[in-house]
Every structure is written in C-alpha cells, then in structure tokens.
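Swiss-Prot annotations:
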| type | residues | note |
| --- | --- | --- |
| BINDING | H83, H182 | heme b b562 binding site |
| BINDING | H97, H196 | heme b b566 binding site |
| BINDING | H201 | ubiquinone binding site |
| TRANSMEM | 33-53 | transmembrane segment |
| TRANSMEM | 77-98 | transmembrane segment |
| TRANSMEM | 113-133 | transmembrane segment |
| TRANSMEM | 178-198 | transmembrane segment |
| TRANSMEM | 226-246 | transmembrane segment |
| TRANSMEM | 288-308 | transmembrane segment |
| TRANSMEM | 320-340 | transmembrane segment |
| TRANSMEM | 347-367 | transmembrane segment |
Amino acid sequence: MTNIRKTHPLMKILNNALIDLPTPSNISSWWNFGSLLGLCLIIQILTGLFLAMHYTPDTLTAFSSVAHICRDVNYGWLIRYLHANGASMFFICLYIHIGRGLYYGSHTSQETWNIGVLLLLMVMATAFMGYVLPWGQMSFWGATVITNLLSAIPYIGTTLVEWVWGGFSIDKATLTRFFALHFILPFIITALVTVHLLFLHETGSNNPTGIPSNMEKIPFHPYYTIKDILGALLLVSVLLTLTLFAPDLLGDPDNYTPANPLNTPTHIKPEWYFLFAYAILRSIPNKLGGVLALLLSILILIFIPMLQTAKQRSMMFRPLSQLLFWILLTDLLTLTWIGGQPVEHPYIIMGQLASILYFLLILVLMPIASLIENKLLKW
C-alpha cells in the first residue's frame, strides 16, 4: 500500500515541502531563520488574535483597554508582552535572514528574493500600525510623523495624508483603519509566505558554497526538522526570557503615557527595528529627499540582483566582498544607534556619513569588489 502522505492531495503538498524535500547536505544554522520566521508569524497571529478579543479601537478607550488586558484578563500581560517582544524577535530573524541571503548570494533566485522584499515591506507596515494601537504618546506622535511624510509627495501629498487619516488630523478614524489593516495584513503575509516557499522549492535551497548541490541532497525530514526544532526551542527560550524578565527593555517609556495631541514628546522615535531607516530619513535636510532616501534604504534590496556582478554566487571565497559586507553590517548598527539619539551636533554629521556609506557600499563598492574578484579568478 502506498503511503498516504505521498498520495493524498493535501498531504502530498506538505510532504513535498516538509518531509521528502531534497535539501543540500551542508546548509548551516543561518538557514534556520526561515522556519523561525514562520514560527514568529504563528506566535504573532495567535497572540494578536487574543489581544483583539479585548482591545477597543477607539481614541477614548484604546489606552485603557490595553491596561485592562494587562491587569484584568487572565494572562493578558503575558499575551501582550509576547506580542510586543515577538515583533522584536520577528525583526531580528528577518534581518539575519536577509543578511544570510546577501552573504550567500540567495538573490540570484530572483522571484523568491522579490517576494521576500515585498514580505519585508508588509511586515514593516504591519509593525508600524501595531505600534499605533496602544494609543500612547509615542504611538500618536510616531503615527503623526510617519503619515505626514506622505505630504512630501508633490501636488497630491496633502490630499493623500488626509485620506490616510480619514480627517484633518489623526483621530478615531485613523485608529480604526490601522486596527483593521493590522489585523488583516498578517493573513496576506501568510499567503505571500506560501508563494515565497513555492518559488524557493522550484529552484531548491542555496548552500554556503553557492555551488549547485543536486548531486548530494538529503531529505528534509528527519535531518532538518530536528535542526529547526532546536532553533525554535532557542528562539522561544529567548522570547520567554525577554518577556518574563525584561518586557519593557525594547519599548519606549513614553508609550505608557496616554496620547496627548497638545504635548509633544522631547524625542519622537520609532521602535528599535526601524531606527536605521529613521536615521537615514533624518540625515537629509530636505523633506522629499528624506522620504526618497527612506524608501530607497529598503527598496534598494530589489536592485541587488541587478547589481550582482560576481561570477561566484556565495561570498564564502570572496574576502574583499566579505570585508565590505561586515562594514555594511557595522554601518547599519551605527545608523540604528544614531536613530535613537537626539538631533544634535555629533549625531547629525555621523548620521549623514553613515547614510552616505550605506548607499555607497551597496550601489558602488560591492559591485566593484565583485568585478575585482572576477579578475583575480583568472590569475
């Protein structure tokens, strides 16, 4: 009798994706983050669903409904902090996943890469709207600053901002639509993840060497299921440690003050995972220029396959590209730090230099390094 997992229409799809999937035998722990992102998405959807059962998207009661969740709902505090810190874990995994893709040349699988960039944008949009929902000071002012960026668009800017707000300022209409969008986007993300995996399984996984490994592939189960379970246990351990011992470590104290349109916080800043882009936005004195730089700082990922000039797929055997990759990483960490600092003397110029270096590395230096390495191959 043929095994049901190989014949049943639904089981067959799962079998080909999770059990009998031919996988390179040498992929390292950097390949764990795809499955960890799936786990993060499941955690976020489940905790978010329970939070939505008690949350009220109204300017008068939103803040107190979050307080009610933490104080009166059974384990409400745990669900709330798992959701908030789960977002941080999501972005840590996301950035490592993208970094691994850049380092090992995963962007040569163009459809998978482009859907990945689209997923990144959607996760960022979801996280931004989620940050607005508790209706604290930073929620309100963060939403005001970011939505106001649309007004930099010539001619239609002001109309567009009012259309997003649903009025002449951020109010109940804005909060309600942000809640609705924040609720539905994760399900759209889930659908896109399926497409992302579909395209990945068309070409098969890359591996650290960047060399096709069709000669020696191994089944996904049991080898990589065990490896992924270990990664999942570590992720859950870190998330629980963060949630139970330092739930507010990555948050902003200003968000424990109810939103007040008449009182501006001394330093408006987004969550830590957006600080690098925020630093790039602030480093340009012109409003439209800043918005374009902000967009380009993320959308630059779409152009990476076109900027690829190397004959070797992976950076494993390319020391010059490796050096530039690690400089890029330190530059991003510097931008993240600067994004959290006030706009004053040393930080302004540092932010501008770090922003220039960011674009210079990706658009100019890395393609040139690849060309030099191509020349060295012929020696």
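Cβ atoms here come from the backbone N, Cα and C positions, even for glycine.
Annotated pair H97 (heme b b566 binding site) and H201 (ubiquinone binding site), C-alpha to C-alpha distance, rounded: 17 Å. Taking the Cβ of H196 (heme b b566 binding site) as reference, residues of its chain lying under 8 Å away and at least six apart in sequence are, in sequence order, T112, I115, G116, L119. Between the transmembrane segment (226-246) and the transmembrane segment (77-98) there are 3 or more Cβ pairs closer than 8 Å, counting only residues 6 or more apart in sequence, so the two stretches are in contact. Across 33-53, 113-133, 320-340, 347-367, the stretch most heavily in contact with the transmembrane segment (77-98), judged by Cβ pairs under 8 Å, is 33-53. Only residues 6 or more beyond the boundaries of the transmembrane segment (33-53), in the same chain, are considered here, and those with a CB under 8 A from a CB of the stretch are 69, 79-80, 82-83, 86-87, 89-90, 93-94, 96-97, 100, 130, 179, 182-183, 186-187, 189-190, 193, 228, 231-232, 235-236, 239. All protein chains included, H83 (heme b b562 binding site) registers 21 other Cβ atoms within 10 Å of its own Cβ. Between the binding-site residues H182, H201, the minimum number of other C-beta atoms within 10 Å of a residue's C-beta occurs at H201. It is 30 Å from the Cα atom of H83 (heme b b562 binding site) to that of the residue listed as 'ubiquinone binding site'.
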